[in-house]
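Here's the structure we're looking at; comments come further down.
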Amino acid sequence: MAKDHAGGPEDLERLVRDLIAEVLEAYPAKAQKKRAKHLSVAGATSEDADASRHRVEMRHVKSNIKSVPGVLTIRGCAYAGSKGVVWGPIKDMVHISHGPVGCGTYSWSQRRNYYTGKTGVDSFVTMQFTTDFQEKDIVFGGDKKLEKTIDEINELFPLSKGITIQSECPIGLIGDDIEAVSKKKNKEINKTIVPVRCEGFRGVSQSLGHHIANDAVRDWIFEQPESEATKAFEPGPYDVNIIGDYNIGGDAWASPILLEEIGLNVIWSGDATLAEMERAPKAKLNLIHCYRSMNYICRYMEEKYSIGWMEYNFFGPTQIEASLRIGKFDETIQANVEKVIAKYRPLVDGILAKYKPRLEGKSVMLYVRPRSAPRRHAYDDLGMVIAGTGYEFAHNDDYKRTGHYVKEGTIYDDVTGYELEKFIEKIRPDLVASGIKEEKYPVQKMGIPFRQMHSWDYSGPYHGYWASPILLDAPWDKPHRASSWKITPAAPWKAASEA
C-alpha cells in the first residue's frame, strides 16, 4: 500500500489511518481504545536544511506503559533485560538464574553473545546455572539453597571471577534477602557477587531490567573498593569504552577495528570481562550503541567521573563516517579519521554500486528494539523507504530522538503479533526487519524477505564498512523468499474433501 501509493501526503496519511482503524476493529471496545494510543501516523511537518531529510511529527504515540492483558505482546520482562542483555555478555562471571528452572532454560544462549575464552574454564556465557526452585523453596525460602549453589560454582569453576544473582519472580514475592547472601558469600570466597533485583513482574517490559542492571553495576562494581588489577591499570589519553554493544554475531569485535585505526584504545566492549568493567571509569569517553539499555550507567559515569558520552552508529557508510567524525579528541585523531574514511571509500563505492540499483525505492518495515533502530541507516543509504517502524519497549524520548529518520508512514509501539501481521499483509513491504518471536515465521510464510534484527539470525557482524554485504545479501537471495504455503502439500483432510 505505502510503496505503491501515488497520491500526496494527505492521501497517504488518510490511508494509513484507515488501516489502523481496520486493524483495531478486531479488539473489544476497551482494548481497542488502549491499543489506539500506541498506533499513529508519522506525518511530514517541515524540511531540514538538508532537503533530503524530512522531519516527522510523532503524533500521540504512547509508550512505556503496560501491555493490554490478553494480547500477544512481543515484549520481554525485567529478568530478560538484566540477564539476557546487560549482564549476559560478561563472560568470566557466572550468572545464576535464581528461581524455577524455566526462565533460565528458555533464555539459555539466545542472545548469540560471541566471546573469546574456554567455555566452562574462564568463560561461561553459553552455560546455564539455576537454583531450580521447587515448591518447598517457595514455602521455606531459598537463601540456603542460593548459598549452596554459590559454593558449588566456586568449587566447580574456580577460575570464574564473580557471580551475579538474577532474581526471578518468586524471589521478590517471598522476600528472600539476596543482598545479605551476596555480602556473606563475598567475604567467604573473596569474589565479586552481585545481587540483581530483576524479578520479571517489575515494570512493564525488559526496559526496567536494563535500568536495574545498570544500578547493580553502579552499586556493586563501581562503588566498591578498587581491585588490585584496577589500581595497577594505567589509563591512556585515548581510552574509550564501547557500551551497549553486546557482541551479537561479533559486532563488538568489528567496531574496535575502526576505532583503533583512528588511534583510540577500547578498554571495555561487548566481549567483556569483570576486570574490564571495573576499569571502565578510567576511560576518557563512553561510546554508547544501545542508548535505551545503557544510558543510565553512562549518565552516572558522567556525573561521578566527568566522563563524557556520545551515541555512535556503525550501520551504513553515512552513519559510520558521522560517528567517526563526531568523537573528536585532537588534531591527530581527526586526521586519522579522514584517512580511514578515505581508505574505505572504494569499498563503500563498490557496495553502493552493487546494491543500490536493485534496492533503491524498495520499502522496508521495521519493528525492533531500540538497540536495533540504527539499522535503518543501512537501508537509508541505499535509497530504501521506511514504510513503518516501531519499538518493543521504547520510552517517549526514543521516539523523539529518532523520529526524524522516518518518512511518512505507520508508527507502532509495543505492537501485538496480530497487529504487525495485519500491517504487513496490507502494506506488503519488500522487506521486513524484526525479531524472532511473533514476527519471523509469519512473515516468511507470506513470502516476504525477512531480516532478523535481534540476534542476527546466525549471521553477523553487521557493524563496520565490510559488514554491509552480510546485512544485505541473505534476505533477497535465500529460498525462503517463496511462501512456504505455496510449496506445502495440502492437509490430508483438505485433499480428501477436494477429491
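Yeah, the Cβs are placed from backbone N, Cα and C, and that goes for glycine too.
What Swiss-Prot annotates here:
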- C77, C103, C169: [8Fe-7S] cluster binding site (BINDING)
- C290, H454: [7Fe-Mo-9S-C-homocitryl] cluster binding site (BINDING)
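Features recorded in Swiss-Prot, as mapped to the structure shown.
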residue	record	DSSP (3 states)
C77	[8Fe-7S] cluster binding site	coil
C103	[8Fe-7S] cluster binding site	helix
C169	[8Fe-7S] cluster binding site	helix
C290	[7Fe-Mo-9S-C-homocitryl] cluster binding site	coil
H454	[7Fe-Mo-9S-C-homocitryl] cluster binding site	coil
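Compute the center of the Cβ atoms of C77, C103, C169, which mark the site for [8Fe-7S] cluster; besides them, the chain residues with Cβ within 8 Å of that center are A78, Y79, A80, G99, E168, E199, G200, F201.
Comparing Cβ neighbour counts within 10 Å across the binding-site residues C169, C290, H454, the minimum falls on C169.
Here the candidates are the binding-site residues C77, C103, C169. The one whose C-alpha lies nearest to that of C290 ([7Fe-Mo-9S-C-homocitryl] cluster binding site) is C77.
When the alpha carbons of C103 ([8Fe-7S] cluster binding site) and H454 ([7Fe-Mo-9S-C-homocitryl] cluster binding site) are compared, the span between them is 19 angstrom. Geometry remark: C169 ([8Fe-7S] cluster binding site) versus H454 ([7Fe-Mo-9S-C-homocitryl] cluster binding site), CA distance 25 Å. Sequence-distant contacts of C77 ([8Fe-7S] cluster binding site), defined as residues of its own chain at least six apart whose C-beta falls under 8 angstroms from its C-beta, comprise G200, F201, S205, Q206, G209. There are 23 other CB atoms within 10 A of the CB of C103 ([8Fe-7S] cluster binding site), with all protein chains counted.
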